[in-house]
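Listed in TrEMBL for this protein:
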BINDING   His82, His83, His147, His212, His214, Met283  Cu(2+) binding site
BINDING   Leu475, Leu543, Asp749  Ca(2+) binding site
BINDING   Arg489, Tyr609, Arg666  protein binding site
BINDING   His541, His650, His748  Zn(2+) binding site
DISULFID  Cys197-Cys312  disulfide bond
DISULFID  Cys263-Cys284  disulfide bond
DISULFID  Cys590-Cys610  disulfide bond
DISULFID  Cys662-Cys673  disulfide bond
DOMAIN    41-148  domain 'Copper type II ascorbate-dependent monooxygenase N-terminal'
DOMAIN    170-302  domain 'Copper type II ascorbate-dependent monooxygenase C-terminal'
REGION    323-345  region 'Disordered'
REPEAT    581-620  repeat 'NHL'
Amino acid sequence: MDKFRFGTTTTVLNFVLGLLTILEYGYTASVTNKDDIFSINITMPNFNTTQDDQYAFVQYELPDEELTIVGYSPLINMNAAHHMLTFACANPGSNKKIWATGQACNGNEQLIIHGWARNAPSMTLPDDVGFPVGRNTPYKYIIVNIHYLSTIVNDRSGNQLVMSRKPRKYQAGVMLAGTSQIYLKPKAHSIRTPFSCRYNGPSISIFAARVHAHQWARVNSLYRVRDGIITQIVKGDPQWPQSFYPLSSPVEIQNDDYLVGQCVYDNDNDNIVRVGPTHKDEMCNIYAMYSFEPTKTSTGKQKTGTSPIRSCWDNEFSSITNLIPPDSDVPPRKPSDIGGTSAGHQTHAEHAMNPLLDIGKQLSLSSVDDPAYEDYVDEVENMRHRNKDSDGFDFNKILSHLGLPEYEYVDAQNYDYLLPTHLTYGKEQTVKIHNAKIMSCEISCRIAMSTLYSCVDSWPDVKSLPGQLGEIGGLALNKANDELVVFHRGSRKWENKYFTGNYRFRNENYGPIDEDVLLHIDTRTGQTKFRWGAKMFYMPHGLTIDYAGNFWLTDIAMHQVFMFKPNDLTHPALTVGEIFQSGSGPTQLCRPADIAVMKNGDFFVADGYCNSRIIKFNRRGEYITEWGSSMTGVQDRDGFPFPNQWNIVHSIALNEDAQLLCGADRENYRIQCLNANTGEFQRQIRVETKDNIGPIYAIEFAPNTNGTVLFAVTGGTDTPVKKVYMIDARTGDILTSFDSNPHLIAPHDIAVSTNGREVYVGELASSPINALHKFELATRRDLPTQTFSKRIYLNDRNFRVSLIIMGFFAIPVLLAVIIGCFVRIRNLRKLRRLNLFLNDVKVSSTGSSSVLGDWMNRRKGFEKLDQCSDGENEPLDNEINDDLDINANDEINQQPTTSTSVNNNVAFKMGASL
């Protein structure tokens, strides 16, 4: 029974240890302890930069051990740094701990072991590959080199290296390929900068690659040429997160193979771009990580420190660059497409890297015991996980609604110029963020608070705007999304002096606006391309561009709607309403606010300031029907007016595919959606709670989306914070919202590009500086996220695995407990009977030398052990000392005569324990 108890105790301990191991697995290293894994953090100790584009180095002296680097976990963010390189060196570039000028290493014994940029994630090398460093290698130091964007204070950025004390079969190396022959002419596209070299050395196997360039680069590519046949090694987009991406299949490079590649650029600027180290210059780099089997010494140990190839630079064999395929200027769609299909035998091709691991499964090893540092590391980790923001928007859900693939916004574009001017993370750590296109300190950067959309502070080009850019009535994008048309009021403001009591404009005192009130602004550069509309309008308001490119305009002073064809902007092709005559009949309007046009040419007019209705006209401007009425003063159960009652129909938006026509019921603080064919009420949408909501000034459907994505903007002097809202109009769900910093002041209209990539807001502003705002959909990595701590992370998959393993432990333990209880009860009954029998036998016992006496005394010795372990009071306790003496004599008598007293004592103790 004691054996059973011992087995049960062992099983329970195993169960507890297993449970702890399972829980630990959820947030610690994904590499097993059999490799003696540990990590080192090489970080800047509260470093302060002194200028933009500053380089800084920090060194770490390795311990005197044979070590292998097997992984990396960057502790850095793209808001602070442009890129980071990690070197293994024989001698550091300075005898200082930190230095800002010079080089990373002194001497030729140096090796690039890692490169990072644009919030690239952690990485783990293949199981049998690593970088040997430390004892018996030339590399005694690790140097981290950071290229900062601009001013940063108290920086603790750096790199976490995952180390192993177990050597690897294959050594890793990094080859830097590229060229410094970069000269990008202004307004030039598809500029190619080729490079080539011939490889001389043992076979190597390229299993991962990283491309690096600046904002003008479109695609970097590298190929192998063998026997006149070219094979793609890597083709990557330098605007992705710049990590070492695994190739789908490693590519073998043999002696006398040629390596050839190129970088392709587009320069839309007005200036020449040359090679250089700053973000205003360009680079052409491809880092190819490879493995090779090192040679061995006479004693059979690996020779370390010699890499077969370290660089392939400039264009040594220009004739073979003609073999580069025509599609080399087309970037891959996603990181998994970075590699090509290699040909021929692949040396140790099993060195395929694991796909990019989920950060929650990456190594999460301890760092320095500094709470501020831990907070910073956690914040960096948070910025890598982009599931939901603190306000609860679901990024993947939004991309799905907008019809955008997820990979497109894992930094598929260059958004450096969208970054905020400051970011604070960690304790007392403030970062002044790089802003490549800041125009002047007078134009403050407005950043969407949720950062799902970021306001482009350098847009528009204020210098190209007219000085008399006035209150903006309407905005609209052309079909190509390359022009934003603005309908503004010039020097005129909407004031009571312009109107009589019956909405009549005082035309006899105030004529048309002298300035061009329609501007065509380049959506990319923000420069004004074209102006028109002088002396044609009196009080501009609504603007729509239809599928044919026609311009639809409303003038609330004239009480009319106009349609202009793009080839005749001086005479309207269609006019609805009577000039300066307000009314509510089928041919009269009263301060019409907006227009929505169907594909067949029929259109809707928001006749909302006076008449509280939406009118439908055919393509010839003939009245068809109208929907809506004024408020009756009776409220529905929700505290709002009844459906289809309006208090200023200020803006309308049409989605023909969904048969939805929605209107901004401005002063009722809601959006009402109707069936576009029948006018039947579908739903009302309130973007905030009743206590927090404000007037809804404008709405717009995002074209070409997978769902009915509706954008809305609130305004009015009584609304404390004006916001832009993204709404699923089919369900009424608010997908997300954002405003700017400083806040919007008086937003009046909104325009949305295809798939919701850009959002434009026009204000009733008194200055061109504050009149227009452009928001762009930010990259996924720039989005805020739910709080995440790598020290306590436990994902769903790990939890399910944990439950299964716990089940395997729990079932035998439960069975053992049940069996133990049964055996225990049965033995207790037998023990009672045995004690009664022994009492009877003891009376008639003749001595301890009999067989029965020996057996009985051994049993009593067992009872003593049983009492000590179970705490039960047995009937024979008062004779235990005598029994032990007798047992001791018996054991000694049974030993061979050659045994010593020490052996007898050992035998006695073993017998008593049994």
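Cβ coordinates are placed from backbone N, Cα and C, and glycine is handled just like the others.
On the backbone, the CA of Asp749 (Ca(2+) binding site) and the CA of His541 (Zn(2+) binding site) stand 9 Å apart. Cβ neighbours within 10 Å of Leu543 (Ca(2+) binding site), excluding its own Cβ and spanning all shown chains: 24. Around the Cβ of Cys263 (disulfide bond), 29 further Cβ atoms fall within 10 Å across all displayed protein chains. The least crowded of the recorded positions Met283, Cys312, judged by other CB atoms within 10 A of its own CB, is Met283. On the 0 to 100 pLDDT scale, the repeat 'NHL' (581-620) averages 95 in the predicted structure. With the fewest other C-beta atoms within 10 Å around its C-beta, Arg489 stands out among the binding-site residues His214, Arg489, Arg666. Those residues of the chain, other than His82, His83, His147, His212, His214, Met283, with a C-beta within 8 angstroms of the mean position of the Cu(2+) site C-beta atoms are Ala117, Ala213, Gln242, Pro277, His279, Asn285. When the CA atoms are compared, the recorded positions lying within 10 A of His650 (Zn(2+) binding site) are Tyr609, Arg666, out of the candidates Tyr609, Arg666, Cys673. Listed in sequence order, the residues Ile472, Gly473, Gly474, Ala476, Val485, Val486, Phe487, Gly542, Ala698, His748, Ile750, Ala751, Gly762 complete the 8 Å Cβ shell around the Ca(2+) site centroid, once Leu475, Leu543, Asp749 themselves are left out. Closest by Cα distance to His212 (Cu(2+) binding site), from the disulfide-bonded residues Cys197, Cys312, Cys590, Cys662, is Cys312. When the binding-site residues His147, His541 are scored by other C-beta atoms within 10 Å, His541 scores highest.
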